[in-house]
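Taken verbatim from TrEMBL:
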- 19-37: transmembrane segment (TRANSMEM)
- 27-492: domain 'Major facilitator superfamily (MFS) profile' (DOMAIN)
- 95-113: transmembrane segment (TRANSMEM)
- 125-147: transmembrane segment (TRANSMEM)
- 153-181: transmembrane segment (TRANSMEM)
- 193-212: transmembrane segment (TRANSMEM)
- 218-239: transmembrane segment (TRANSMEM)
- 304-325: transmembrane segment (TRANSMEM)
- 345-362: transmembrane segment (TRANSMEM)
- 374-394: transmembrane segment (TRANSMEM)
- 400-423: transmembrane segment (TRANSMEM)
- 435-457: transmembrane segment (TRANSMEM)
- 469-488: transmembrane segment (TRANSMEM)
Amino acid sequence: MAPVPPGIRLLVTFNREQWYRAFTFMLTFLLYTSFHLSRKPISIVKSELHKNCSSASELATVALGSSGQEPSASSIHADTDCSWKPFDKSNYKQLLGAMDYSFLCAYAIGMYLSGIIGERLPIRLYLTVGMLTSGLFTCLFGLGYVYNIHSLWFYIFVQVANGLVQTTGWPSVVTCIGNWFGKGRRGLIMGLWNSHTSVGNILGSLIAGYWVSSNWGLSFIVPGLIIGAMGIICFLFLIEPHFHLQSLICGSPTSLSVLIQSYDTELLLPRNAVCVPLQPVEVVKSESELSAISFMGALRIPGVVEFSLCLLFAKLVSYTFLFWLPLYITKAAHLNAKKAGDLSTLFDVGGIVGGILAGVISDKMGKRATTCAVMLLLAAPTLYGFSMISQFGLGPTIGMLLVCGGLVNGPYALITTAVSADLGTHKSLKGNARALSTVTAIIDGTGSVGAAVGPLLAGLLSAGGWDQVFYMLMTADFLALLLLLRLVTKELSSSKSHPASAIE
């Protein structure tokens, strides 16, 4: 059989590469959508876990006096529509905040370990196990309703376990997507890709809202089954990125079609590219032989510390909205749980637009830190306006939800995707593709500390009024802005205009 001409072999390889990218983009999008879909129900169900227990207690007392028999816990819940024990007490906000904190604190701690572990295991297997176990614990929370479980420690245990296993998701999907796309359009591509966060929140709200009033257990069981099913799809179809350039491009150990200086460079091949015979060269170290980067080594990458601390406060704001917005709308606008959940999805719609806009602007300007700083600066006064939501009509409320969602989630989305990928493929790493998982885990793990603290503080501060919660959120935005000032100054003073110039 005659050998395949080099030009045809190159064209086939290029088409296969583009197909791999498109397929990985869509699959990882759906995989992480299912992660957020399974996290959202708790914020929708909160208003169902605690209703008007004061009136319920009065009705129970009357029933006791008239019948002479003490009603059971289940009969109180059924007859008076009281809150779900143990969230029927006056300190229910603190209990709900503690439950959020359990999940997010475990998530923050586990994230630092997850990146290190993820570097040393096959991504496909690691992600599959994480999704299957996350589906199990999400369903387990919903079974608390089915089996009438009222122990606070049961729900806290499930939240802690779920928080730990969900850390397998983010480093894995970012490593997959980040290594398939170069820096030239990374902000736009990853801005579009990162909309999975908001899409998952929207779908999670709609699914949980459908059953929240009739059977809130299904609000968890259905998302749990979905993420478990997606875990099986991940195992069957996920394509991990590889960088064996010799076999990928030309199939010959002594020929290459193009010189790729580092693995994060965009693979854009000219139409007239041909395989050029080269003299055999000594490979100093193949990608498979590169050792995993150390924790301290990742921290020494320029920009990692600043963006990590900035994300701590940015994610504090974002996750406070994620876990408390439906309950706030329920109380402020006097809506039921389903309507409040539906309205809260507008915040996520704004987040999709904000994330994409942040990516496009940062690509055009070549200034990731400056883009984040401007959005953080605008977010603080917007949050103050949002705090008066109960005084607005429906139209202004919808507008505030969209704008606030874009400004709050824009910096968060940019840092966790394009910035993390830029730092994880920094030139100082010399093409070590295995470092991206650790760098991503450090940045998102630090951000997750803020994500754990924010909802907990919201639960404590809301007891004195929701205004205190919004003052806390505005303070967090200003602190996030201050942490970026050095990088912003460096970007603005630099004459370079390529993406992420402050962290090169």
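Backbone N, Cα and C define each Cβ position, glycine as well.
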Selected stretch (most C-beta pairs under 8 A with the transmembrane segment (125-147)) from 153-181, 218-239, 304-325, 400-423: 218-239
Highest-contact recorded stretch vs the transmembrane segment (153-181), from 193-212, 304-325, 400-423, 469-488, CB pairs under 8 Å: 400-423
CB contact flag for the transmembrane segment (19-37) and the transmembrane segment (304-325), at least three pairs under 8 A: no
Ranked first among 193-212, 218-239, 304-325, 345-362, 435-457 for CB pairs under 8 angstroms with the transmembrane segment (469-488): 304-325
Dominant neighbour of the transmembrane segment (435-457) in 193-212, 304-325, 345-362, by Cβ pairs under 8 Å: 304-325
Contact check, the transmembrane segment (218-239) vs the transmembrane segment (193-212), 3+ Cβ pairs under 8 Å, seq sep 6+: yes
